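Undergrad: Positions annotated as active site, charge relay system by TrEMBL: Asp115, His149, Ser321. Per TrEMBL, domain 'Peptidase S8/S53' is recorded for 110-353. Under the heading signal peptide, TrEMBL lists 1-22.
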Amino acid sequence: MNRNSLTPRLSVMSLLLIPLSSVELPLVQQPGSAVVIIADSEGRQVRIGDAFRRHRGFIMKRLTSRSIEHLEITGIQVVHTGVAACPATEDDICRLVESIARGLPRRDVIGAIIDTGITTEHPEFHGKLLEGYDASGEDENSVQDRAGHGTKVAGVMAANINDGLGIAGVADKVKIRPVKVTQRNYSTFGDAQLARGWEAALNFQDIDMIVYAAGGDHTPDKEALFMRLLTKTVEKGVIVLTGSKNSDEVSTEAELALPCSLANQFPGVLCAAATTATNPKVLAYAASRHASFGLLGTEVWSPTHKCLNGGCVYGSLGGASMATAIAAGVVALMQSFENFTPAKIDRMLIGATEGRVKTVNGTEMDYGSLRPDLAVRKAIAEAAPPPRPGIVNSLGRLLISIGEHGRANPLSSSLHVSMSMAMLELFWDGLTSLPYVASISWGVGR
């Protein structure tokens, strides 16, 4: 059974863990034992040993078949804990099995949205907002959104899920640091506000990404500014999501809108072009030649900044800003499994595109349409822990995993070890019940 069919498809209803010391069963009690039942979504039994091989390192370091009884007819597995073959406790086994049901461990991803601010009182953001920064220069010193654009972007990316309100954001485990760069109810801002806001975003030491769902005309000075901002951002290991220009003008000047036209020069800076809701491979706007991928950007519902008497208004918006917000949500999902480098996120996203997108007039671009489901699957696959040979366990023995079906390279005849050991155990796939014991005299060049 491969990992993808093991972890995401398990449900809480298909899992049972019972520490035998805490219940009365018509069985011979064995302190430090647990009853485990694991089945996939099709009802097939999953052996805890197979699950352990894919989760090893997150919860437990060692589990061998000597500590497991398989009751074949009922599909029950009895795990004996606190012994040499399984030095873990019942709680360790419980956490392991629960992690299998949930899939890979996940974390909260933090995104700084450089925009018009955010509607802080909106119920869609309850529990989602962290401290932000007002870079607008206004006396008010508030991240409150007076124009609405930042609220829309944040909502599509991160609105609460299953709360009975409005919409569900793309990502669940995500927090927002709003950075406001606009004044009053305007959506425009100058270079000073942009530079100040970007600096503030990077000054938050915990952010994983910057979401900048905006763009402007190309000038040499503006290009120099963005080159500096993007360089410093990628150097800090922070991903940047931005969007192409909402224009059908395809002149060279229009195609060089910033910062989208610089995206392909930086690993981890990605520009989303809006595609239509009816066809994910047809662009909503023609001026999108320098984007990284196409993504849905029309007929997207989002929260607005208009709230009154406990009620808030929602509306439909289209364009590259919505494509950027969706892309940011996809990246947040990916990053929740592991803190990937910007270059890895870039590679996985580009690798999750299909075909080539084109304009309504049939002009084909050099990039494809992003499949969010495939991008997240790639992240899950890359976040899965590989087998870890050469672990020194608490008993002072060196455990060397030969590898699945014995295909790994044999041990080198010139082995250098700086510690003394009583015996060498070779575990087939890390699970065999019959370790090999050998007398070894350590030396150089044997």
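Yeah, the Cβs are placed from backbone N, Cα and C, and that goes for glycine too.
I'd like to know what surrounds each of these features in this structure.
TA: For Asp115 (active site, charge relay system), the same-chain residues 6+ apart in sequence whose C-beta sits under 8 angstroms from its C-beta are His149, Gly150, Val153, Ala154, Pro178, Val179, Lys180, Val181, Thr182, Val211, Tyr212, Ala213, Ala214.
DSSP assigns His149 (active site, charge relay system) to a helix in the three-state reduction.
Ser321 (active site, charge relay system) falls within a helical segment according to DSSP.
Per-residue pLDDT, averaged across the domain 'Peptidase S8/S53' (110-353), gives 92.
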Undergrad: Among all protein chains shown, how many Cβ atoms are found within 10 Å of the Cβ of Ser321 (active site, charge relay system), not counting that one?
TA: 28
